[in-house]
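This report concerns only the one structure given below.
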Amino acid sequence: MEDEIELKTAPADFRFPTTNQTRHCFTRYIEFHRCTTAKGEDSNDCERFAKYYRALCPGEWVDKWNEQRETGTFPGPL
Amino acid sequence: MIVLKWLFLTISPCDAAEPWQLGSQDAATPIMQGIIDLHHDIFFFLILILVFVLWILVRALWHFHYKENAIPQRIVHGTTIEILRTIFPSLISMFIAIPSFALLYSMDEVVVDPAITIKAIGHQWYRTYEYSDYNSSDEQSLTFDSYMIPEEDLELGQSRLLEVDNRVVVPAKTHLRIIVTSADVPHSWAVPSSGVKCDAVPGRLNQISILVQREGVYYGQCSEICGTNHAFTPIVVEAVPRKDYGSRVSNQLIPQTGEA
């Protein structure tokens with residue numbers, strides 16, 4: 001008997017009420033990284049933002065942004 | 001007996017297009033049910049208007065036939081009838097617009113928080129699906145490609161140009177969020193039974209919310225010209241009971257996380 005998977009994902013956000021969710025994904029990614037800089041890497045408060053952006057952003061985008069953050073060319077406010 | 005068989009054969013695969021099909025496919029979501037109902041409602045009035053206009057037309061042709069009525073009356077104006085035939089059709093189209101707009105806006109309304117998010121990413125010429133709700137790092141734990149099964153590999157009973165190797169498995173009776181995007185050229189993610197047709201645009205994430213009301217396998221095809229194999233990028237959604245979905249996902253998750 002395998003443990004039942006909990007069905008849970010990023011909630012609907014009133015800032016992004018339209019079909020276009022591009023900003024939703026980008027904002028959640030930024031929020032997570034701002035959160036970790038403010039509260040430290042080990043903080044558990046930021047984990048929910050990570051869950052949100054992972055649910056919303058395509059893996060390819062996240063990889064690209066991670067690379068850009070490492071090289072310092074990330075276009076967003078961190 | 002033959003007739004029964006024939007009937008059931010045509011009834012059972014109604015979640016895919018069938019030869020010489022005239023109507024819509026059977027609805028699997030409230031949205032599609034709404035679309036079909038609106039279509040039928042409008043069609044009722046459409047037929048009434050059609051019959052009325054045809055009747056006027058035939059009557060005019062009949063009574064003003066050149067043998068019947070060689071010198072017609074030279075009436076070229078009629079204020080009353082002109083006002084009536086302007087106001088009345090515009091009122092009719094306004095009355096059609098009310099349910100039409102109500103449906104249109106309800107389609108992209110996110111009323112409740114979805115239970116799962118699935119990313120459908122279009123490629124030339126296959127689709128990638130990402131289930132990222134269960135990820136604990138940026139590594140993708142449940143991602144797969146979905147290719148069409150070529151004609152020579154089809155098994156008996158499978159639909160040509162519609163079957164894929166990896167179906168999108170979703171839980172039935174659950175609010176789903178599908179994020180549609182593309183990695184190269186515009187594609188489109190369309191499943192007629194669920195009333196969904198969403199363009200996949202590179203660099204943009206389009207969200208659609210669906211609620212599949214019954215278990216089943218739903219077929220769709222790419223609906224945006226995306227290159228030479230445009231006709232060979234179908235979509236297959238398999239709706240399973242919620243508990244089956246849970247065990248399916250955890251079965252697929254464990255071997256992959258075990259490797260990492």
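Note: Cβ is positioned from N, Cα and C throughout, glycine not excepted.
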- [ ] Return the single candidate from A:C25, A:C46 listed in TrEMBL as disulfide-linked to A:C35.
- [x] A:C46
- [ ] Name, in order along the sequence, the disulfide-bonded residues among A:C25, A:C35, A:C46 with a Cβ closer than 8 Å to any chain B Cβ.
- [x] A:C25
TODO: Quick one: pull the CA-CA distance for A:C57 (disulfide bond) versus A:C46 (disulfide bond), whole Å only.
DONE: 17
Task: disulfide-bonded residues compared (A:C25, A:C35, A:C46) - highest count of Cβ atoms within 10 Å - done: A:C25
Task: Inter-residue C-alpha distance, A:C35 (disulfide bond) and A:C25 (disulfide bond) (nearest angstrom) - done: 15
